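Data first, discussion second: the structure below is written as structure tokens.
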Amino acid sequence: MSSLRRLPPVRSLAAVCALGASALLLTACGSSGTDRADVAAAAPTSPGATSATATSASPSASASLSEDQTERKDLINATKVTWQKAADAAIQEVPDSQLVGLELKPTPSDVTATPGTASPSTPNPAPSPGAPEWEAKVATEDGTVHRVEIDAVNGKVFRSQAEQDQSADDKQEIVNRLNDATQAPDQVVKAATDKVEGTVTGLELDHDDNDQVMWSVDVVNNDTWVLTSVEVDAASGEVLREQVERD
């Protein structure tokens, strides 16, 4: 008898190979499926995916500003004179007067015939059109209102004139408001800015529908450039209401 070991038939080898290949294929497929499942499960927890999802779900921080918001931003960024200094300049311009209104606004194009050049009616040069100015209104003891315009960059008065269309009743109403307004402008501004943070761009002594004398203070948020009007009781200093301009 020969000592050589008999080799298995070819069909047996083929069967073994087929079984082996099937096992490897099943293992590879199972491993591949597991890997894909692991990747799919891990994807939402990756920093990049989380950031992208959060970014798309939340409003853009760089959303475009409205025309009014852009104007406020440009005016405030160009302004160097605070409302207090502008108010002081207006009161000094008109002796024995008190502040009844103030507004930060762009200088109109018709302030002087030649913007930037002094004239008899404007001893100091007017700002260029579009540059920031403070328009103040101050009233004397008899209720006569004077409009005083101040350059919001250098603080100089460039125009001052009395209101020409005031009647006797108009003047008396101003006198009555000033008598009822025991809170000074700086006090009501503090009350307003304690409630709403931002830059003061205007204030006005007025009355509401119930004839209650109050100060309306405009405050602009320095991040969103949204304006809020805060109404403050002119006698008690209590904040009455707030109104946000949605523009």
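Even glycines carry a Cβ here, placed using N, Cα and C.
Record features (TrEMBL):
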type	residues	note
COMPBIAS	40-64	compositional bias 'Low complexity'
COMPBIAS	112-121	compositional bias 'Low complexity'
DOMAIN	185-241	domain 'PepSY'
REGION	35-71	region 'Disordered'
REGION	104-133	region 'Disordered'
SIGNAL	1-28	signal peptide
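Residue counts for the domain 'PepSY' (185-241) under DSSP, helix first, then strand, then coil, are 11 helix, 27 strand, 19 coil.
Per-residue confidence over the domain 'PepSY' (185-241) averages out at a pLDDT of 97.
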